[in-house]
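Student: First, the structure itself, so that you have it in front of you.
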């Protein structure tokens, strides 16, 4: 057994006090009786009625019958409540000479724990006859012995007790002797042969008599022994013991061959008649096996180990015989002194190896302790370690119940090894330890817990259907089916979110899949809740939030808002030949449906009728003159402007412009705007859109005024000059202008028709109108703006 460390003294004292207190409780036991040798299965009692219990309560409360010696001689029929004999009982085997013969038992019930004490009295029947240890007894008597002299004879043994035991002795009829039956202090009956008349060896040297031992049964049983009496010549004095009886105490752990006591007998005769030898007289087998006596010295020696718990004292009859055959009798009373040589015993009557974790006051084990020593050596204390959630509860007659002190938590500890220590109070102290293992069975008291309270997943748009986009994970601290987690999608809080068509979840492992291709331009982000449920009863669950962010892909090419590229009559921009370098011809307005850097647009003059005459502002799409115009320059010019985004790979679109150089216009100088600071490129998309629309508005308004003036004042030239036809057309409503900042000095007018649902709009553009009454200032010095060339892209 493994030994524990120091036992907490407070718990020891408490357990001992409770034990002593309960040992004083006198609960009246229920008593029954049965004759020995009654057949097994015989009815003893009806416990349900005797204990005042309801029908079926013995079965529902798991009633059991426990006995002190751990031998199951009784059995309980829980259904009928009958107490039955499990086996045939032999009173002599169970109790020997002890009377009355009582078997103690306990009836144990659970829920709640309850004990009832019981006693079964085994009544003796006359099933044994008296038996003498020998078949013949030789008795030597001097012929001069006087009438009335007593001669001890062999005693008979009868295993029965009471009236069925040995009652008297008789001897066969004769004229010289009769039998006197004497009662000994131990309760035994001794036969003494009493001489009735003088003897004469010469007349009758020998007698052969039959000694009969009778018990008190009905009918009586008997045993016989032959008594042979030899009449001897005179030996005047028989040996006499100096002390009788002798009394001695011997420790039960005395070694073998230890001297117990030396007896002494004296014979006042001389010669051979005065020589004394010693021996055991009518000794039982137990005494012969335990002790021996030296024939010469009279010293009694120990031949076998003593055991106080089995035999507490011995009465040894001794005999001293002289050379003439006369003998004297003596008695040695040997008291066995108890020593603490028996460790306490722990007998488990009931053990529950598995208990639920949420059940306080659950009985784990019922056990009994005992110590076969006596006095202080037999007093015991019982304890368990202090750091365990269990307590010991004494009940009765050294019975204990081990119960849970509070609800257990399997997730903290799934198994307990409990060491029960029983220590006696002897010197030195002896102890016994026994370990029991208790498994804590799981109860579904823990809900699944997600590794994160929220998850953020990133999915690039235009994904393939059934794409694995991420996983959620939850664990359950329980075990078995209580820890098996099932995942599910919970109903979205937004009733308009088609969650069932967007994502799915694997119920077993929490993997999330996109059910269809996602479009960033239609849905940038959405969120939903996932649930994790265990398979306990009842099931417990938890939930987590999942956010899905759709990443933009460069799947939209730039779209040119102005000028429209719809295949109808081209739009012609009018430029006076007197225009100075940096003169704003028009502005290409484009948007990109993507976001971020995928929507950053840049402009480039791809083709031109006359390279070097016009340039395009790279960030805002403004088309300006690059130098002074001359009469040699062609009147009509065709420009192709490339609009490209910043995606990977980049996407692009082209815008075709028609420019007509005209005479007679004034030369309004449009100063080239300062280069936008580097940080303006990082302005938000909303700012770009507002600036672009404002610029277009100004340009269109100015074009309308100029166009009306030209039509009214120079109607004759209208046919040769041409007109800008800008038919109405649909535009996606979600497009935005992310071009660079900048405004037009001319006035433009535009009309935008947008609907939130259709996603389309109508744009109407009008040409800017310049008054033709302005006179060109030919004498004004034209100075080139150095910033202009650095900001334009020339073809």
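Keep in mind that glycine also has a Cβ here, set from the backbone N, Cα and C atoms.
Below, the features straight out of Swiss-Prot:
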SIGNAL    1-27  signal peptide
CARBOHYD  183  N-linked glycosylation site
DOMAIN    246-346  domain 'Cadherin 3'
CARBOHYD  417  N-linked glycosylation site
DOMAIN    455-560  domain 'Cadherin 5'
CARBOHYD  566  N-linked glycosylation site
Student: Taking the Cα atoms as reference points, how far is residue 566 (N-linked glycosylation site) from residue 183 (N-linked glycosylation site) in Å?
Tutor: 145
Student: Which three-state DSSP class does residue 566 (N-linked glycosylation site) fall into?
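Tutor: Reduced to three states, the DSSP call for residue 566 (N-linked glycosylation site) is coil.
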Student: May I ask for the distance between residue 417 (N-linked glycosylation site) and residue 183 (N-linked glycosylation site), taken between their Cα atoms and rounded to an integer number of Å?
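Tutor: Their Cα atoms are separated by 59 Å.
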Student: What is the total of other Cβ atoms whose distance to the Cβ of residue 566 (N-linked glycosylation site) is within 10 Å?
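Tutor: For residue 566 (N-linked glycosylation site), the count of other Cβ atoms within 10 Å is 11.
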Student: For residue 183 (N-linked glycosylation site), which residues of its chain lie six or more apart in sequence with Cβ-Cβ distance below 8 Å?
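Tutor: The answer is 189, 190.
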Student: Could you tell me the mean pLDDT the prediction assigns to the domain 'Cadherin 3' (246-346)?
Tutor: 91
Student: Go ahead and report the DSSP secondary structure tallies for the domain 'Cadherin 5' (455-560): helix first, then strand, then coil.
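Tutor: Counting residues by DSSP class gives 8 helix, 46 strand, 52 coil.
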Student: When DSSP states are grouped into helix, strand and coil, how many residues of the domain 'Cadherin 3' (246-346) land in each?
Tutor: 10 helix, 47 strand, 44 coil
Student: How many other Cβ atoms sit within 10 Å of the Cβ of residue 417 (N-linked glycosylation site)?
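Tutor: Its Cβ shell of radius 10 Å holds 11 other Cβ atoms.
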